[in-house]
Ligand code: ADP
Ligand code: MG
């Protein structure tokens, strides 16, 4: 600590040291208490002989009175008080005073008793210690003289005593004053002492506080030192980091300079590229104009081509023999080559039927009957899904160009309708059916056309028609598999468009969404399936895709539905079967199916023959598809055939139905342009 900054406590201590001598040295007063006391004792001593003397005087007086035969009563009061002494002459009569005076005169020769010193015990004066010889009674004069001498002696002593008394009184007063002064001084000192003690206590307390503060500060100092060390370490780290950053900054600056140089070069390049881009944009606009013209021309030609191919086309597809199935006899199904040879895709199919019931007259088995059919295209077993799709891709594109398209799969149960439409086992891309392939194709063309300013949107629905009731295959939640009743209604009053109430219409824009919908439809069908009734094969599944396209720049719009229909099994009920309760139900189902399938055939015929009345209303299926079957629509029917000999009867039925459809020609299609 700095020497100049004395702590308050040290100051207090210094003060205490300075003030201590104030108490110790002897009082500056002239008299100490003891001295004063002694003086009082002395005063007592001084006073005491006086009393004694007074008493002695009394005695003397008595003595004198005893010797004084003269008026005794008058002398006694004179000797009782000191103040009375001078009055003696007054109270004595003139005669008496004369007598006393004469006595005193006579005693002049007698030695006066020496004045007693204060403090010494005064023995009563021996009046006439050496008793003068007794004066004879008659010697009155002598007696008087003795008495006077004695009186004189007393007076002197009285005087001396008065003086002493006065002196002692003065001393007493002085002592009292000193005592008062000392009392005052004592009180002052006591006050000062109390103050000094309080200061000392305060100092002690402050000292305690300061010690605590010192400890605290030392502790803080320790912490601060630790912190300082940490900061120093951190500083070292930061310095290293700073050096590294500086190096990096320099590197970055170098790069920046290089980049700036490159940038200025690029800017010049950009300017020239902008000019070029402007020229290209002009060119592009011209080309766009031309392209649009070409696109419209392509659509027209495409449609012409489709029309040339026929608005109603029939493809025959024979599925392969599945593992575990009996191999059909050789030549049971024949696929003769086209006119252009084996490279020509087949369009003919021949079925050889051996009818054992028919016999020749000779009894030998009748030769097999050959049934020949020709279609727009025939797909023998082993034709891949991609091969099949290739043939219909152009037709699907017609839907994008604004022409309604309807693709059916017709055939007996197990002939491969669902395989053709939806595909084989999930996860096998080769086995993908027409629906996912068609949609993928549409999405990719729509994407290409978006470059020409076309915007397309697709909305999918998937319903099932079973026993003339419509059920949503895309139902979710509580409606899933319940088959809540749906109705086919016009979209609005006076509208040609049809819609299915309670059915979900789901916007789709990618394959993944379509996959999800197909999976949902499969689940819904699985829920409805029962052991006795494979309902999916007893109902028509209709996948509808509403396609809407718009060229905002030119105000052109087009809209058309693409329908992909997996028809119910076309097989007839075996007439030989016993009609139990299950079979009766089955019979009702079959009649409904047969009715709706024959209605489809009749509708196509009526359209082909341009009849005024087309019986769309005769079945839910034709009623729902009426907008996709009429004049401007394009229709394709797959007739799916089983390769097995045991199914030959049903195969021939299907082929005959398909042939009738194939003979139909529906009038020139018109694109639904607005
Ligand atoms: P449908 O729907 O007409 O009742 P499916 O499509 O269910 O008939 O076909 C019956 C069976 O034959 C299925 O197991 C299916 O996978 C198989 N199948 C059908 N067509 C083909 C084909 N072209 N290639 C391979 N397997 C097929
Ligand atoms: Mg099926």
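In case you wondered, yes, glycine gets a Cβ from its N, Cα and C as well.
Per TrEMBL, region 'Disordered' is recorded for 73-94 (among others).
According to TrEMBL, the compositional bias 'Low complexity' annotation covers 107-126.
What TrEMBL records for 107-141 (among others) is region 'Disordered'.
Per TrEMBL, the feature coiled coil maps to 144-311.
Taken from TrEMBL, the feature domain 'Kinesin motor' covers 311-664.
What TrEMBL records for 411, 412, 413, 414, 415, 416, 417, 418 is ATP binding site. A sphere of 10 angstroms centred on the C-beta of residue 417 (ATP binding site) encloses 28 other C-beta atoms.
Under the DSSP three-state reduction, residue 415 (ATP binding site) is assigned to coil, being neither helix nor strand. Ranked by Cβ neighbours within 10 A across all protein chains shown, the binding-site residues 413, 415, 418 are led by 415. Residues 411, 412, 413, 414, 415, 416, 417, 418 make up the record's ATP site, and a Cβ search at 8 Å around their centroid adds 319, 409, 537, 569, 640, 642 from the same chain. Most Cβ neighbours within 10 Å, among the binding-site residues 411, 414, 416: 411 holds that distinction in the structure as shown. Taking all protein chains in view, 21 other C-beta atoms sit within 10 angstroms of the C-beta of residue 412 (ATP binding site).
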